[in-house]
Amino acid sequence: MEKDVKVAEKVEEADRLLPPQSLPSNSDEEEYESESEEAAFESRDKIVIVDFGSAGDDDAATPPFSWRKLWLFTGPGFLMSIAFLDPGNLEGDLQAGAIAGYSLLWLLMWATAMGLLIQMLSARVGVATGRHLAELCRDEYPTWARYVLWSMAELALIGADIQEVIGSAIAIQILSRGVLPLWAGVVITASDCFLFLFLENYGVRKLEAVFAVLIATMGLSFAWMFGETKPSGKQLMIGILLPRLSSKTIRQAVGVVGCVIMPHNVFLHSALVQSRKIDPKRKSRVQEALNYYLIESSVALFISFMINLFVTTVFAKGFYGTEKANNIGLVNAGQYLEEKFGGGLLPILYIWGIGLLAAGQSSTITGTYAGQFIMGGFLNLRLKKWMRAVITRSCAIVPTMIVAIVFNTSEASLDVLNEWLNVLQSVQIPFALLPLLTLVSKEEVMGDFKIGPTLQRIAWTVAALVMIINGYLLLDFFVSEVNGFTFGVTVCVWTTAYVAFIVYLISHSNFIPSSPWSSSSSLELPKRVTVSNS
């Protein structure tokens, strides 16, 4: 008996000396999960959404609209919209204007609307699950398919990055009056990786502010060009309201639609929306976030549409129906503008160069951002931010530097290279769209925020339209470029494998209910991202 009392006293003394062991809280669980899994944003880096005048703790209804809350949610949509304004898109705009005049403005408007739909589905996945698209693909598909998707996403990113870096280098060459060669511009643009890292240390809001300045610079530059050249207002309105398409402008039409869906941007937006602290378990908060993201993304893409419209109409006014129309490209566009519209107090050549530089710099930084999420999500690599950024930037800069040195003096070669890069990105589009549509349609992934049958049909129709249009571009390109038996056989083999993988991705989706392949791998959603009404 005495022995038992002594044991009890020792236990009491140990309890006094040792700290109490509490049950793990939600924050502890989140911290543990963040340690074991790559996260888009650390919890401490996320922007806290403050309730302004919300009524109690009622979680059944979505909180009322608040302008201050809209301001807190504003940012990710504008970063996403930069992909609609990269140098590749600007080249598509100027060529569409020079060759087709005002006739494709209606297509530009509807293509932007299609892009908004796809990007909002991407945002929906990110908000409702608390994870971005690359992470979800890692769990959804078997290992071999995951590595194929990752490889395709990286190739698309490298292709886009080369265009963006070359665009920035061309702008630097214009603004330096040719003193700095193309390769020097590439080196200067590559340094934006370190600028990105510097800004990221000061928080998401500071980074978003820099992008806002760059978008404003583009808007002011191209609006000034629009005002200076005075395109026809009547033709502009007819071009927007009256659909027209001829056999002579079909290639430009395909280019306008093809430039809207950027594979890396689909992955990027699903990660950017996680920069706001939203509890995916609270249905009303998820719906509120989706509402605000729809508003800010719509505004951002409307601004991008106006900028694209400015560029298209300026070149329609200056070069439509002229001999230069078929020869104009990103390399010589500034020179042609100067010859057509002259100098003046503020030469249009330099205004074009400033706008092009803002487009190139902003898109290369977002490319670095997207590369981090793609690599981290698919491979679950826990690397420091600076290391991931350097690896991502190196993947694009090394081939870009080679391109700049080889094609430095040849405008025609750069144009051909740009066509190949457009083809490369067109090839990758299904590998971003199909996983997105598969995941956003699965109840076990999205919970109550799975898209309904009507939206599902619309989304698949848009995706099919985009893939068919890009398929036409690929067919047209290969028919004109593929020469020789060996090259032809190689293309046929790769095309067969390409089509087979697309068929696999479609069969894996819920769009085909009786798919025998889709049962082999199914995503089990972690408890922390299950949506409930409590």
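Even glycines carry a Cβ here, placed using N, Cα and C.
All annotation found in TrEMBL is predicted automatically rather than curated by experts.
Taken straight from TrEMBL:
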COMPBIAS  1-16  compositional bias 'Basic and acidic residues'
COMPBIAS  27-40  compositional bias 'Acidic residues'
REGION    1-40  region 'Disordered'
TRANSMEM  105-127  transmembrane segment
TRANSMEM  180-198  transmembrane segment
TRANSMEM  210-227  transmembrane segment
TRANSMEM  253-272  transmembrane segment
TRANSMEM  293-316  transmembrane segment
TRANSMEM  349-370  transmembrane segment
TRANSMEM  390-408  transmembrane segment
TRANSMEM  458-479  transmembrane segment
TRANSMEM  485-506  transmembrane segment
Counting only residues 6+ away from its ends, which parts of the chain sit with a Cβ under 8 Å from the transmembrane segment (105-127)?
40, 76-77, 80, 84, 93, 96, 133, 136, 236, 239-245, 253, 256-257, 259-261, 265-267, 269-274, 278, 280, 286, 289-290, 293-294, 297-298, 301, 304-305, 308-309, 312-313, 433, 436-437, 439-440, 445-446, 449, 451, 458-459, 462-463, 465-466
So what's near the transmembrane segment (349-370) in sequence-distant terms, Cβ-Cβ under 8 Å and 6+ beyond its ends?
79, 82-83, 85-87, 90, 157, 160-161, 164-165, 167-172, 174-175, 189, 192-193, 195-196, 211, 214-215, 217-218, 221-222, 224-225, 228, 264-265, 267-268, 271-272, 330, 333-335, 337-338, 343, 389, 392-393, 396
Contact between the transmembrane segment (253-272) and the transmembrane segment (458-479) (3 or more Cβ pairs under 8 Å, separation 6+):
yes
